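Positions annotated as transmembrane segment by TrEMBL: B:6-26, B:33-53, B:59-77, B:89-112, B:132-157, B:186-205, B:267-284.
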Amino acid sequence: MLELNNVEVIYDRVVLVLKGLSLKVPPHSIVALLGANGAGKTTTLKAISGLLQVERGKVTDGQVIFQGEDITNWDPEKVSRKGIFHVLEGRHVFEHLTVEENLLAATCLRRDRQGIKEDLEKVYSYFPRLKELRRKIAGYLSGGEQQMLAIGRALMSRPHLVLLDEPSLGLSPLLVSEIFHIVKEINRRERTTILVVEQNARVALSVADYAYVMENGRIVLEGEPEKLRENEDVREFYLGLTPEGRKSYREVKHYKRRKRWLS
Amino acid sequence: MFWQLLLTGLAIGSIYALVALGFVLIYKASGCLNFAQGEFLLLGAYVALTLVTTYKVPFLPAVILTLAVAALAGLVVERLVLRPLIGEPVISVIMVTLGLSALMRGIFQALWGTDTRVFPPIFPQEPVSLGGVSVSAVYLWSLGLAVLLLLLLSLFFKFTTTGIVMRAVADDQQAALSVGISVKRVFGITWAIAAVVAAVGGILLGNINGVNASLASLGLKVLPVVILGGLESVPGAVVGGFVIGLIESFVGGYLDPLVGGGLREVVPFVILLLVLLVRPYGLFGEEIIERV
Ligand SMILES: Nc1ncnc2c1ncn2[C@@H]1O[C@H](COP(=O)(O)OP(=O)(O)O)[C@@H](O)[C@H]1O
Ligand SMILES: [Mg+2]
């Protein structure tokens, strides 16, 4: 469904961030893209959704193919019209709008009032908490509620492909597994294809059908979640496990930049 | 005297509110300070006047045509002048709106000269008596129409998808793009609405004062209004408009006779300075939402 072929991204004409990245997302699947802070995960998603443009970034080589069509460097607007929606890192809800207004704002490409109503109910059925909060100003919601709203907002546009950027960021472990559980449900019931970016490898591998690990702008490892979980490096760096079990704090400190994997 | 000053203050204030509203909408959506807002007001006044006097179009159709022309002008200006500047530093955008203001002023002068022109009487001429206070009808009409327009706009922003989308863009442009909102289209609509409310202000003010280039200086008066209300606040623009209108009216009525005039022109700018010193974010400055 989505294919990145040797994609190279440069910011401000000089900063080379993606260095020939390739990955595939089959229809109706969940694919996880793992990697440490600064690896280029967010950049990868922005290269797909077209949001690179507003940050003066550009795909300078390779192609982004969606449903057989070359969408490299398209306008974000045009990409959305193809059915690709990007849930940004840090949620980015419309803070001064109510929950329901946030959901409605995402329906601007649609004209079918009845369908919009049904989709509102559908989002509320996945996230009952949002229904209770529908008249509340989104800026005052908790981090977990904002994440639910951000995902719900993407659902409102009946997406074919959702790009999820670090939904676990700053949330409690309980909330993280609840949100990933719902993501899995959405994937199963709506048949929505999902590309999820995570630093939290544990939870991402638990729902993904396939996963890539990236480092420094390149894919360094890929495979089924079971296979990756067996991999020594993944166990050590991304899951914080060694043959003797959890690493002691002292040893871990060495990998400080990967600290968040251990939470 | 008090009640009369109150009513004229409210009427003028409502016009300030309209013009300031347009200014704030553009600022919220795109971060651009539009120093040509006064010229859009003048555009509305001149076009309506020309339609009514030269082409003998009846007043109501003339107003509707004028608003269409204003909306179109707003769209064209956004498309040709502002859009190429997306992503440029704010200061360049501000300089461009200053240039636009000079350009429009020049065109108006070439087309309509410098003489003050007056609308033929449209609103009833005899003063209306309200509980013993007599006010000229044009003030009441202005107040009524401006308030009506403000109400319609607030309903528009609250209940229509386009209104919600416009607020979404003002809130978070990147997120708006990510859910498929056409930010460029929203900028266009914003400029059109700003031009339309300014044109309504121009028509009303033209009926009160007559039309000449000095009407555009009201664009400058918008600054104290929006600074008072808070640059980011639509309710602030409305309240600020009324407050400045009232202060001007009372200062003009009570203090100017004592000092020989001129104070009413100065006071708004004195207020501007005071607000900047005491509350730089204005009375209603954007609440930054911080969760606890
Ligand atoms: N707008 C930008 N301009 C220049 N460099 C950027 C920009 N955005 C990100 N980068 C750089 O690209 C690299 C990857 O960033 P990012 O894609 O955000 O990584 P991740 O999401 O994996 O943490 C980082 O080194 C970052 O400094
Ligand atoms: Mg990131």
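Quick reminder: no glycine exception, Cβ is built from N, Cα and C everywhere.
With a cut-off of 8 Å between Cβ atoms, the residues of this chain six or more beyond the transmembrane segment (B:132-157) that come close are 3-4, 7-8, 10-12, 14-15, 17-18, 21, 123-126, 163-164, 166-167, 193, 197, 200-201, 204-205, 207-208, 234, 238. Contact between the transmembrane segment (B:33-53) and the transmembrane segment (B:186-205) is supported by 3 or more Cβ pairs under 8 Å, counting only residues 6 or more apart in sequence. Tertiary proximity for the transmembrane segment (B:186-205) is limited to same-chain residues at least six positions away from its ends with a CB under 8 Å from its CB atoms, namely 15-16, 18-19, 21-23, 25-26, 29-30, 34, 37-38, 40-48, 63, 66-67, 69-75, 77-79, 82-83, 141-142, 145-146, 149, 153, 162, 165-166, 169, 176, 211, 215, 218.
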